[in-house]
């Protein structure tokens, strides 16, 4: 099969975001071509998945292939952020049997996704690099004023190193899934920006004969994450099905540079010394041996001012990336890939015009990035326990949008009109840090029982007063923990429910085979008094979190 001269949608990049978008579009009958520069299977970091991945994969009928492949099942994850006992997120307790995720070898998992796109009708080619994009000016369509001169993409040039072949392909839509290279963001839009508060460097390698966290318990084989004792970063330990264990060190770049300078250590010296001084990880390595060369990466966190323009969608790491702390990379990749596919279909089907589709996708990607950024910032603040300017480079519009969900709970008011201040951002992070505090299931059940028992006739404000008057100091702390866990939307890690109910510009996704697109949002009927109180407190209608509530 040869690369065609024309297609409806060209997807550049065959990682999770690109392969997912290509599969979703091809299943809708869209003429889709997927070009990947590397030859599969190809290496990639990011082995630990979130349970939400299963639900994204199920939408394109790919979950059963992951289940049968032999990857290590991930029933949860352990996080030791400070001197207190590690916290454990239990996927099975929250979602029931079959709610596990996986620890994957990315070269194999990504290849599964790439092949699946082809099996579902996309024309897929690896070893083919896209070198340039040609744009044409269009009138009357722009969302981001800074991109008004870009125009719409109409063709791409490609080359194949193995054969020496070269060519070009024209298209109606382009999806940029080129990973950290970010072809469109860095070469054409030139709108990528790094978060200076998350200037980290990571080094990692693969060990043989490493021990496992939780041996003899249902937690055996789950990833283990531990903070470095001086607060400069953290270490991951992820068992893989090929018999190796991925162990990585993520450290603030300034701290890593200072430690090397003070001790004369090499990158490998710093890596090994850090692991030796991380007790929980080191005790699992008494018989282990580092069997690979170290790999390194820096500048983990970046985003952009826009993730779409007319007839163009940017997905996955090509647009933004945070930090591997909560395994958010593949989650955000698949979410953005699905967003790209459904907004293209929405415009094609007439659900909305192209400008509205562009706006929806860009806001959806920005919101997902911002929510996970808040989670990571809260966790890193818990690790470092010191003031750091972690959100100096945030996207104000998207953070304002995400903060709309947080401010009423933190301030006890529904006022969401004013712009954010740095103090409010700090307050948000401080509040969300409470999500990492311990609260037993019994303690949470007791508090939620009291929430359900409130039957005030004085409206929501009266119900809030009655509730807080009925709670002890310890119960109020437990309530704060429950609220914080809902603010950081921990259920996003379990399923894709929130993907289908998030209202952006008055529209919600329609995730139906053969009808993929956007639909106008229709508000629900009046809620009950208890539901209203739960909503005001930021508590869930039903138990669906990786935490107890």
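Quick reminder: no glycine exception, Cβ is built from N, Cα and C everywhere.
These come from Swiss-Prot:
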BINDING   14, 17, 47, 330  FAD binding site
BINDING   328, 329  chloride binding site
CARBOHYD  242  N-linked glycosylation site
CARBOHYD  303  N-linked glycosylation site
CARBOHYD  419  N-linked glycosylation site
CARBOHYD  458  N-linked glycosylation site
CARBOHYD  498  N-linked glycosylation site
SIGNAL    1-21  signal peptide
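Features as recorded by Swiss-Prot, highlighted on the structure.
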residue : record                      : CB count, 10 Å
14      : FAD binding site            : 31
17      : FAD binding site            : 34
47      : FAD binding site            : 27
242     : N-linked glycosylation site : 13
303     : N-linked glycosylation site : 24
328     : chloride binding site       : 25
329     : chloride binding site       : 26
330     : FAD binding site            : 29
Using the alpha carbons only, what distance in Å do you get between residue 329 (chloride binding site) and residue 17 (FAD binding site) once rounded? 10
Tell me the Cα distance separating residue 47 (FAD binding site) from residue 328 (chloride binding site), rounded to the nearest angstrom. 11
For FAD, with binding residues 14, 17, 47, 330 per the record, max Cα distance (Å, no decimals) returned as 17
Cα-nearest neighbour of residue 303 (N-linked glycosylation site) within the listed recorded positions, 17, 47, 242: 17
Kindly assign residue 328 (chloride binding site) to one of the three DSSP-derived states: helix, strand or coil. helix
Which of the three DSSP-derived classes (helix, strand, coil) applies to residue 303 (N-linked glycosylation site)? strand
Inter-residue C-alpha distance, residue 47 (FAD binding site) and residue 242 (N-linked glycosylation site) (nearest angstrom): 12
